[in-house]
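Please read the structure below before turning to the comments.
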Amino acid sequence: MASSAQSGGSSGGPAVPTVQRGIVKMVLSGCAIIVRGQPRGGPPPERQINLSNIRAGNLARRAAVAQPDAKDTPDEPWAFPAREFLRKKLIGKEVCFTIENKTPQGREYGMIYLGKDTNGENIAESLVAEGLATRREGMRANNPEQNRLAECEEQAKASKKGMWSEGNGSHTIRDLKYTIENPRHFVDSHHQKPVNAIIEHVRDGSVVRALLLPDYYLVTVMLSGIKCPTFRREADGSETPEPFAAEAKFFTESRLLQRDVQIILESCHNQNILGTILHPNGNITELLLKEGFARCVDWSIAVYTRGAEKLRAAERFAKERRLRIWRDYVAPTANLDQKDKQFVAKVMQVLNADAIVVKLNSGDYKTIHLSSIRPPRLEGENTQDKNKKLRPLYDIPYMFEAREFLRKKLIGKKVNVTVDYIRPASPATDTVPAFSERTCATVTIGGINIAEALVSKGLATVIRYRQDDDQRSSHYDELLAAEARAIKNGKGLHSKKEVPIHRVADISGDTQKAKQFLPFLQRAGRSEAVVEYVFSGSRLKLYLPKETCLITFLLAGIECPRGARNLPGLVQEGEPFSEEATLFTKELVLQREVEVEVESMDKAGNFIGWLHIDGANLSVLLVEHALSKVHFTAERSAYYKSLLSAEEAAKQKKEKVWAHYEEQPVEELMPVLEEKERSASYKPVFVTEITDDLHFYVQDVETGTQLEKLMENMRNDIASHPPVEGSYAPRRGEFCIAKFVDGEWYRARVEKVESPAKVHVFYIDYGNREILPSTRLGTLPPAFSTRVLPAQATEYAFAFIQVPQDEDARTDAVDSVVRDIQNTQCLLNVEHLSAGCPHVTLQFADSKGDVGLGLVKEGLVMVEVRKEKQFQKVITEYLNAQESAKSARLNLWRYGDFRADDADEFGYSR
């Protein structure tokens, strides 16, 4: 264990003691130490050396547990100062020693010198000189060593050092306390402030015996958050070390044994104190983990005051390098590519309360389970009626609340997914159903761990694992802390209150119940709903929160391709583009909040009507994307014109259901058009906005007072409860409130989100548009939504005129209209419908003059010649006005009739 050296001398002289070297591991008393060699492939051998020719006081000793009559032995005077003198001088230092005597029992006595040779400080002489030990009596006085010891002792006596000082030395006797009556109170009384201590014994790498100063409490301290391999006690009393137990113990011993440290007392467990040992050279807890000598333990990691993440990171460091206890470690995601371990995806569906379906950038769908959490579940076998089919979402307490929390937070949003582990498929057993392979991950949005948020609200619980089970969340400690908070605050599943009950009536396919509900739903107008399931492009299952019922809903006004169906004895194939239509509807509305208008029901008890998502009609959207055709029943609907316009646009693209469309000659429709008569029914309107393409927005004068009242009430409400700046996250198509340049709030709709600083909004009651930062936007209060008062600005275009395509000419026309009619009251008559918006004639309220005709007279626009019979009188008047403008060479006509030769060049069409 220790190197040796022979002192020089004649071959015939007396034998010179061999000089040996070692590192001082421990000081047993004022006259005995343990030295060790250098480690080579494992803990080194050890050896006890007793100092020759001197005697120091005996240290205190606790009575043996097996001897009930025995009593604790206290320190002898000056015994502890002698031990401390050697401890501070020798621990961890290299010494050399010579063995002078060895007893039959194996005890070795000799001289110890500090340093690499015998020229160093003689430890025995130093002890005697300090008055901490006495020279043994009866030794030969002519011995040179004895003579030096005698001189040292005389000097100590003369200087009254140590035991030669006045008094009996009782002040050097420690009042040792071996037990603590109330460990919890003892720990709390220190308020996690560092306590000075000496490590007296190392049981294993993570458990030590410490002497707390200055009150001399001798306590067992377990390192918080970790566990090292231990020594298993066998039946015969021997100890068998687990792999790396001896190495871990030596690692701690060589750094802490009999060192001055500070300990943060953090908690207690079975009379043992949990703590963190601080040493100037580092934190032993983290070092043990980093070197692969320890593993994290869940039951105590939460009390580690320096943050559980530091311990997990240190453990991860050792795992990645397969150090020591992790030599056979295989990472849970070792077989995954980096792009599959971490990715961004869009949430398309929430499955109950612990899983989501996401859409990857590749367009593929993937089910992700939230790592290490368990959704709410039924407790006990008798809680469910055997004859009643279980509906987990509504029948399991807090399942609905958990699903709703995830749905509102995640649906349609992009999230960050970090895969923690892959749970392999498992076969079914008598008690457990079969499970397919599961991808378990940590999902975050805006830096928030969704699983942690769910647990903190008491809407899920944390799964407990075996200590060696590494398949768990990478943020497992945060989950445990969140659960502890939820339990403490009595949240959700941990609440002492009665569990919430959701009595949801499922009237899907129940004709009798559907008939009873129909009048209520028809009278309700637009009702709020959540899309629970999408059967096909036009068939959905809805949850109506106000009515607390589930209904099957069919989209009105369209004919959507039918999907494949299982019929008795055969499978009916789906129509072309049925799957595309279903996917389109799923991506757009599944688990979204929508508005529905119920118009009727079919024989099977399914409701028929219109569904709106973010202000858009789903029937129109399906037609627009060539995934449905307009059904003849839509003619009676207010959305018929929008459907026709969408269908016409889809036909022109010749895609999907219109891929083989052949356009019919227009002439065939003309006789039908000629049968109509022009109706002139002018109504008063207020013009609020003129667009650059000469469209304009108006408000109905009859509902103007309603708008004024709503705006007044809304602004009062906002003044009382102002929106928190920056709290609103705008989404395209969403209604909101926006602060205009005048500092007032108005209703608006988000048209585009470029960035938080650039949000395009449309003021729905006035028709103007603006680009604003999101800090000037807020949530539209439900009391002032479009259900209470529809958007008041309606878009129109001038009938019978053709707007110049030349930018300067068009600007002249727009400027003229702005001067004449913006922010004034006019009279409006709808002449004909067209794609985009209705075309109208507009009259000045006072003179009844035709605004469009005035533009023609001034040569600012051209006439759009229409062939319908009912318009011929008006067209003639417009053409005569155009001829007058041409003759006078006004504006467009200043260079004559340019249309014959230069129409294409100047951007006009005749």
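Just so you know, the numbers here start at 1 and follow the chain as drawn.
Using the three backbone atoms N, Cα and C, a Cβ is placed for every residue, glycine included.
The annotation SUMO2 cross-link is assigned in Swiss-Prot to Lys513 on the grounds of similarity to another entry. The DSSP secondary structure for Lys513 (SUMO2 cross-link) is helix.
Taken from Swiss-Prot, the feature domain 'TNase-like 2' covers 193-328, and the record attributes it to sequence analysis. Mean pLDDT of the predicted structure over the domain 'TNase-like 2' (193-328): 94.
Residues or ranges marked as domain 'TNase-like 3' in Swiss-Prot (evidence: sequence analysis): 341-496.
Summarising the annotation, Swiss-Prot assigns domain 'TNase-like 4' to 525-660 and lists sequence analysis as the type of evidence.
As annotated by Swiss-Prot, domain 'Tudor' applies to 729-787, with the evidence given as sequence analysis.
Per Swiss-Prot, the feature N-acetylalanine maps to Ala2.
Swiss-Prot lists Thr103 (among others) with the feature phosphothreonine. The Cβ of Thr103 (phosphothreonine) lies under 8 Å from the Cβ of Tyr109, each of these being in the same chain and 6 or more residues away along the sequence.
Residues or ranges marked as N6-acetyllysine by Swiss-Prot: Lys193 (among others). Non-local neighbourhood of Lys193 (N6-acetyllysine): Ile264, each in the same chain, at least six residues away, with C-beta under 8 Å from its C-beta. Secondary structure at Lys193 (N6-acetyllysine), as computed by DSSP, is coil.
Secondary structure at Thr240 (phosphothreonine), as computed by DSSP, is strand. Take the CB of Thr240 (phosphothreonine) and look out to 10 A: across all protein chains shown you find 10 other CB atoms. Marked as phosphothreonine by Swiss-Prot on the basis of similarity to another entry: Thr240 (among others).
What Swiss-Prot lists as phosphoserine is Ser426 (among others). DSSP assigns Ser426 (phosphoserine) to a strand.
Other C-beta atoms found within 10 angstroms of the C-beta of Lys641 (N6-acetyllysine) number 15, with every protein chain shown included. Among the features that Swiss-Prot reports, N6-acetyllysine is placed at Lys641 (among others).
Taken from Swiss-Prot, the feature phosphoserine applies to Ser645 (among others).
DSSP classifies Thr779 (phosphothreonine) as strand under the three-state reduction. Take the CB of Thr779 (phosphothreonine) and look out to 10 A: across all protein chains shown you find 15 other CB atoms. Taken from Swiss-Prot, the feature phosphothreonine covers Thr779 (among others), and the record attributes it to similarity to another entry.
Look at Swiss-Prot and you will find Ser785 (among others) tagged as phosphoserine. The secondary structure of Ser785 (phosphoserine), as reduced to three states from DSSP, is coil rather than helix or strand.
Residues or ranges marked as phosphoserine in Swiss-Prot (evidence: similarity to another entry): Ser909 (among others).
Per Cα geometry, Ser426 is the residue among the modified residues Ser426, Ser645, Thr779 nearest to Thr240 (phosphothreonine). With DSSP states grouped into helix (H, G, I), strand (E, B) and coil, the domain 'TNase-like 4' (525-660) comes out at 41 helix, 50 strand, 45 coil. Most other Cβ atoms within 10 A: among the modified residues Ser426, Ser645, Ser785, that distinction falls to Ser645. Close to Lys513 (SUMO2 cross-link) in the fold, though at least 6 residues off in sequence, lie Ala505, Ile507, Gly605, each with a CB less than 8 Å from its CB. Taking only the Cα positions, the spacing between Ser645 (phosphoserine) and Ser785 (phosphoserine) is 27 angstrom.
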